[in-house]
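Q: For reference, the structure I am asking about is given below.
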């Protein structure tokens with residue numbers, strides 16, 4: 001065989017292609033290895049920055065003072081401020097809570113620096129005056145209402161008893177969200193008692209109907225602030241938390257600060273057919289048609305969107321806290337993003353980071369066992385990924401169902417809010433991050449996406465930066481306690497809540513961020 005024949009030319013071409021592929025793969029792996037080895041284990045220059053000194057007051061409390069603080073928190077939990085629906089809430093309890101707040105925090109309600117008003121009868125809006133009005137104020141947001149809870153649901157302690165068991169306080173609202181309500185007010189009460197006057201003014205908003213959308217409390221607080229021409233530096237609300245042992249493979253706890261939250265859509269699917277006797281059924285009943293549509297929705301989930309939202313930043317920030325091979329993968333999401341997306345979608349707990357989720361929540365049909373129903377309907381709850389619009393979700397549902405007999409109706413819905421900033425020039429994010437590290441020095445801080453909804457979304461016209469974070473420690477199993485049974489918080493963690501807001505208020509008094517933070521860094525080191 002000669003070296004100039006057609007067969008030889010084909011072999012030579014294949015060798016060139018294979019060699020090029022090997023070189024490309026080698027270069028990609030080399031680049032990925034260099035990026036992995038160059039990870040900043042300190043997570044950026046925040047700790048090394050020279051921050052303007054603002055904290056002149058220390059939080060010191062003896063045992064008796066701490067016990068009184070815990071007693072006030074327990075009393076707050078015992079008040080059943082339940083929101084049952086948008087039309088029904090326990091207004092008696094809400095009025096009781098107002099009376100309780102005035103009694104528990106006399107300095108706040110009597111201080112000349114603090115202006116308080118009721119909004120929509122039951123929500124509370126506080127304005128704390130700053131000594132430098134040129135500094136843009138911020139808002140600390142929380143809510144006093146809770147979801148229903150019943151003693152018949154096998155709680156270890158009655159849900160409104162605030163009973164203490166093994167160092168934990170049990171009760172509805174201990175995490176969601178009376179710990180924030182009381183933590184914020186306890187911090188401010190203490191500061192006022194020490195003669196503290198902030199440089200930067202701020203607001204405290206305590207909504208009374210967050211659990212049913214905040215359409216009365218939060219929306220009316222926004223209306224009041226808009227009428228007064230208020231613009232905010234940032235908003236801090238509930239949301240993500242300190243994950244301890246929840247993220248598989250992560251070495252140590254991580255404090256995740258939500259930059260946005262998922263949108264939501266409530267969609268109804270309905271099929272109508274002629275009624276009749278069960279002895280003469282058609283080939284397909286309305287139940288069968290609708291069941292087939294539901295099956296198609298569940299078998300064909302929304303597209304995988306990992307890497308197109310802030311969830312990518314989460315893993316880039318945490319990459320140095322994983323062992324190999326996860327460290328290698330997460331520090332090179334420019335290459336392995338599809339791989340990680342496929343891994344995350346396998347578990348319900350992380351699938352929500354990857355895509356818009358689809359949950360069939362109600363199915364209604366039939367009136368009697370021997371009567372063919374005339375209609376069937378199903379309700380679907382979708383949590384919309386920030387990279388997808390509400391209209392895109394609806395179009396995808398129509399395409400997947402693919403049956404004109406199934407009528408699709410949007411009951412309610414909204415887009416995911418804009419993604420807040422988290423770079424070195426982001427005042428709100430960097431202040432929250434510094435405060436987290438001040439109070440919890442062993443954690444790693446990372447931005448994230450909140451898969452649940454809060455009423456902070458209503459404030460998007462007042463600021464471009466809304467953050468969602470609670471200084472609560474969550475271990476495996478704790479996420480099921482929120483809105484579930486045996487919601488609880490440790491006494492130590494509640495004290496950390498007070499310290500967190502105490503530190504945050506004083507940290508916000510700086511005029512600007514340290515210059516060191518303005519050094520450009522790779523995104524995974526921020």
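Each Cβ is built from the backbone N, Cα and C atoms, and glycine gets one as well.
TrEMBL does not curate its annotations; it predicts them automatically.
Per TrEMBL, the features are:
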type: ACT_SITE; residues: 145; note: active site
type: ACT_SITE; residues: 210; note: active site, proton acceptor
type: BINDING; residues: 143, 176, 237; note: Zn(2+) 2 binding site
type: BINDING; residues: 176, 211, 483; note: Zn(2+) 1 binding site
type: DOMAIN; residues: 260-403; note: domain 'Peptidase M20 dimerisation'
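How buried are the listed features, and what sits near them?
A: Long-range neighbours of residue 145 (active site) (same chain, six or more residues apart, CB within less than 8 Å of its CB): 81, 82, 83, 89, 94, 207, 208, 209, 210, 211, 212.
Note on residue 210 (active site, proton acceptor): other Cβ atoms within 10 Å of its Cβ, all shown chains, come to 28.
Around the Cβ of residue 143 (Zn(2+) 2 binding site), the same chain contributes 177, 181, 206, 207, 208, 209, 210, 211, 214, 217, 238, 455, each under 8 angstroms and 6 or more positions distant in sequence.
When Cβ atoms from all protein chains are considered, those within 10 Å of residue 211 (Zn(2+) 1 binding site) total 24, not counting its own.
In the domain 'Peptidase M20 dimerisation' (260-403), helix, strand and coil residues by DSSP number 61 helix, 36 strand, 47 coil.
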Q: What other residues of the same chain, not counting 143, 176, 237, have a CB atom within 8 A of the CB centroid of the Zn(2+) 2 site?
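A: What remains near the Cβ centre is 141, 142, 177, 180, 207, 210, 238, 454, 455.
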Q: In this structure, which of the binding-site residues 176, 237 has the fewest other Cβ atoms within 10 Å of its Cβ?
A: 176
Q: Compile a sequence-ordered list of residues in the same chain as residue 483 (Zn(2+) 1 binding site), six or more apart from it, whose Cβ lies below 8 A from its Cβ; state 'none' when nothing qualifies.
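A: Residues satisfying the criterion: 147, 176.
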Q: Within 8 Å of the Cβ centre of 176, 211, 483, which other residues of the chain have their Cβ, at the recorded Zn(2+) 1 site?
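A: Those within range, site residues removed, are 146, 147, 173, 177, 482.
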